[in-house]
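J.: Here it is: the structure, laid out below.
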Amino acid sequence: MIERKIRPETVPTNPNEGFVDSARITFEIMSGGNVGEESEHQHHPAPEDWPRGFGEASWWPFVSAFGVAGVYVGAGLYVLSHGGNDYVSPLSSATVFVASTVVFLVGLYGWLYHGFVDHYWSTEGSGATKLRWAMVLFLITEVATFGAGFVYYFFIRAGAWPPTGQTIPPLINSLVLINTLLLVTSSVTLHFSHVALHRGKRRQFIGLLALTVLLSVVFLGGQIYEYYEFIAHEGFTLTSGVFGSAFFGLTGLHGLHVTLGIVLMTILLGRALIGQYSPERDTSVSTVSMYWHFVDAVWIFLVVSIYAGASLSG
């Protein structure tokens, strides 16, 4: 016989803490055994995501990785389609890019949903150190990814400058400075948002986190507007020689990371609004903060090496 037991969590009585952990409904489904026996996968983040027997494994990261790989393939096909040959049509490159982006977003949604929403009551309680180290390892791979792009840029920068037959448009302007200020400020607000969480100041935590998301969205809008100005008014595009490919490749890659950061911080904000964080329950806030500070540092290096560095004469 199947029995179900509803068990509310303990609710803090201090109203100043603000971190009232909403009553959790735990359905303990048993077919035999003791009524209080825990489910085998209760503390796993996404057991339903994989055939029975594979525990917490999830196939959503593979979907996301497949989509990201397709995005790179689509970008490569785009470059080939504008290289003065007929090997690849512009339509096929655009199709691959858009389809791969959709696959990536679907995989990302499924991954985040099962990691943050479907089993959010168990994802913060254990393994905090392992999750932080996992983020460190992920950021190391990101250093390698950006490093490859910077090596390409410094290689072409070491030769004749500007490259033969190419004109470098004005890169340093008020928009770049404002964007830099926005991103640096967002990193500061995210840091103090995390500090407020540790101090039990829920409203300050949520307010600073919301401000961080807003600043990040404005930054991304500024970068899109910068692209529009370069392409529409300066005629400077991804196919504008070796510097064009380096500039749009690196800034575009950074823009994708900013977009991912906005998605992650929006999820944090949603979870914060329904009271899923406390001073002892902050693993995802900590790891997303690490990611966002990395994105901020990459942008500063981009501004110094590409925006300012490319503007200097050889």
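Placed from the backbone N, Cα and C atoms, the Cβ positions cover glycine too.
In TrEMBL, annotation is done automatically, which means it is predicted and not curated.
Quick paste from TrEMBL:
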type     : residues : note
DOMAIN   : 48-311   : domain 'Heme-copper oxidase subunit III family profile'
TRANSMEM : 59-79    : transmembrane segment
TRANSMEM : 91-112   : transmembrane segment
TRANSMEM : 133-155  : transmembrane segment
TRANSMEM : 175-193  : transmembrane segment
TRANSMEM : 205-225  : transmembrane segment
TRANSMEM : 245-269  : transmembrane segment
TRANSMEM : 290-310  : transmembrane segment
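I'd like these features described in context: how deep, what's nearby, how far apart.
T.: Sequence-distant contacts of the transmembrane segment (91-112) (same chain, six or more residues past either end, CB-CB distance under 8 Å): 49, 58, 60-71, 73-75, 77-78, 80-81, 260, 263-264, 267.
Here the transmembrane segment (175-193) has long-range neighbours at 204-205, 207-209, 211-212, 215-216, 218-219, 222-223, 225-226, 229, 258, 265, 285, 289, 292-293, 295-296, 299-300, 303, 307, meaning same-chain residues at least 6 beyond its ends whose C-beta is under 8 angstroms from one of its own.
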J.: Mind checking which residues of the chain, 6+ beyond the ends of the transmembrane segment (290-310), have their Cβ under 8 Å from one of its Cβ atoms?
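T.: Residues 132, 135-136, 138-139, 142, 146, 150, 153-154, 157, 162, 168, 171-172, 176, 180, 183-184, 186-187, 190-191, 212, 243, 246-247, 250-251, 254, 257-258, 261, 264-265.
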J.: Can you check how the pLDDT averages out over the domain 'Heme-copper oxidase subunit III family profile' (48-311)?
T.: 84
J.: Sequence-remote contacts (6 or more beyond its ends) of the transmembrane segment (245-269), Cβ cut-off under 8 Å?
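T.: Distant contacts of the transmembrane segment (245-269): 79, 108, 112, 116, 142, 145-146, 149-150, 152-153, 156, 183, 190, 206, 209-210, 212-213, 216-217, 219-220, 223-224, 227, 236-239, 284-285, 288, 291-292, 295, 298-299, 302, 306, 310.
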J.: Hey, which bits of the same chain come close to the transmembrane segment (133-155), Cβ under 8 Å, at least six residues off its ends?
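T.: Distant contacts of the transmembrane segment (133-155): 246, 249-250, 253-254, 257, 287, 290-291, 294, 298, 301, 305-306.
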